[in-house]
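What follows is a set of notes on a single structure, which appears directly below.
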Amino acid sequence: MLKRKINLWHILLLLVILGAILPILFMISNSFKTLRDSYGTMLNLIPLHPTLENYQLLNQQVNLLGLTWNTFLMATMVTVGKLLTGLLTAYAFRSYQFKGKMLIYLIFVSTIFVPFTIVMIPNYLVIAKLNLLNNIIGVALPQLCDATGIMIFLKTMEKIPNSLIDAAKIDNIPNRRIFFNIVVPILKPSIVSVGAIFFINSWNEYVWPTLILKDKASFTLPLALQNYISSEGGTNFPLAMALSTIMVILPLIIYLIFQKYILNSISNSGLK
Amino acid sequence: MSKSNATIELKKISKEFKKNTIIDGLDLSVKAGEFLVLLGPSGCGKSTTLRMIAGLEEPTSGAVMIDDENLQEMKDDGHTIAMVFQDYALYPNMTVYQNLEYALKVHKVPAEERKNRIENVLQTLNLVKYKDRLPSQLSGGQKQRVAVGRGMVKKSKIFLLDEPLSNIDVQLREKARDEIQKLHVMNQQTIVYVTHDQLEAMALGDRIAVMNQGIIQMIDIPENIYNKPTNLFVAKFIGTPQINLIEVELQGNQLKLAGKTVIETMDVHLQSQSYYLGVRPENLHCSKTRVSDLSLEVVVEDIVDYGRFVQLLLVMEDGRHLKAIVNELAFETGDKVFVTLQQETSLLFDPTTEKNLYWGNYE
């Protein structure tokens, strides 16, 4: 039926896909194995004695719903914050002429190159002073603004023809309206794709939350997972795989739903 | 109801961009209900002038007055001025209907009236069946009509159009031009229309302002722009094929071309010196036989048949070229042709000031 020619590129791409998908299949299959099986037949993709006991055990040991909710809350706050501040800042850079604009923009962008380890301690001290330790808000607060978003949104906004903004100005449309009714809808594809990336990054975040969240009730999923792969939590491998599987579900769904947008924003700006 | 149009007056407007002067002390007044065309080559400042009238650019100095009120100090509710952009600038995320409705909605025009106005405009512009389409699903001509419609629903006193026809197909352009003309007759708004197309300007304008290098070279009715251009620039810019410009010598009442008298001038009191003689190609009288002693003998070098008229490229003895337009294909390449010039249909320009001298009789 399919008579498409297979060339070297296809084989290469297939290998890449395998490289990406195998670990995920491996993770899922092991999460359904018993501890004994997982040691004996770790590389088997189909479990010999499929079982749900890992998930049941996990459910007894930790508050799965609470963990997921914490993670979701944190990722949502960070994503919404980064998107809103990024869009507003980019619009300001796009629409207003002011002294030192270029300099301010460069300072903003250069923060991308400041390693997290440098700001970690000062941020921690501020959050501690604000009495936000063990609080999801404490994790999200320093991350509500991000220069990457500003840069990407500014680049996309620069592609919006000036005449479109001028047309709205002649009709005396207030700036707030121009922003929300015209600019934001045009930028929708890049907002969705950048937002998805922000969300997933935040969802998987580990180092910064471990500093702020000490109380187990405030843990996010990656923090809980750490307990199962450190010496402290023993080495129950299939249990860790089960938690990993749970952790990966939401990002995976987001990717699947928005993959059209994500690909779109990579291949074009959404205008035209 | 308030007046449907307004006067525009530009007082000593100047505009600089990064220390480059684009417009220098421009004065212009547009009458209420007038259709004024700003015509000029690209980069002449006509679009900048329009943008200053629109309030999109602030003049570096000078003032824009709308109905004797300073535009900068006006409290505009968005109803005074409407504008159509060259690239139409339709909101890509809104349908045709929403594009027309948006400004009215923001300015809280009552729903009933909003609906009436939009339906009306859609009908007038033949857009009813496209009202739910997005701009990306429209052709160039349709987009242009939506852009005009978006300006129309506002019922503004002033309507500004920035090269609205330059992005649509030639076949559609004439129809669109007629439509704009009709709308002006119907709505009686004050229109300022920017174009680089002289045909559009001649067809549409009550008056035409010809601009070059930020200065209005001439402002007058189309007929005078064509027949009585004030200077060489206007004479050359208007008319295709371009006006013939010939270096001539005036000696007493003898106008000489390469030593040979071509016109015996009447009632001319100008210094005997060299001038530029401007003759429109259709005013070069061509014949196979010598009409008078003043006829000039030339040779047909090339013929272009445009169907409606025939253009002859003529070469004079000294190698200079002339272009002539004749109604029928009566000549062949290589033919000897006698060209006769007439004072009434020729223009005389000063070679240094480049001004039209009107044969010394200033009007």
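Each residue's number is its place along the chain shown, starting with 1.
Placement of Cβ uses the backbone N, Cα and C atoms for every residue, glycine included.
Predicted automatically and left uncurated, TrEMBL annotations should be read as such.
TrEMBL lists A:7-28 (among others) with the feature transmembrane segment.
Residues or ranges marked as domain 'ABC transmembrane type-1' in TrEMBL: A:68-258.
For A:72-91 (among others), the entry in TrEMBL reads transmembrane segment.
Per TrEMBL, transmembrane segment is recorded for A:103-126 (among others). Note on the transmembrane segment (A:103-126): residues 89, 93, 142, 147-148, 150-151, 154, 207-208, 211-212 of its chain, located 6 or more positions outside it, place their CB under 8 angstroms from a CB of the stretch.
Positions annotated as transmembrane segment by TrEMBL: A:132-154 (among others). For the transmembrane segment (A:132-154), the residues of the chain that approach it from at least six positions outside its boundaries are 70, 73-74, 77-78, 81-83, 85-87, 89-91, 93-94, 105, 108-112, 119, 123, 126, 187, 190-191, 194, 198, 202, 205, 208-209, 212-215, 218, 220, judged by C-beta separation under 8 angstroms.
The transmembrane segment feature in TrEMBL is assigned to A:178-200 (among others).
Counting same-chain residues at least six beyond the ends of the transmembrane segment (A:237-258), those with a Cβ under 8 angstroms from any Cβ of the stretch are 24, 27-28, 30-35, 38-39, 42, 54-55, 57-58, 64, 68, 71-72, 192-193, 196, 199-200, 203-204, 221-222, 224-225, 228-229. Annotation comment: TrEMBL describes A:237-258 (among others) as transmembrane segment.
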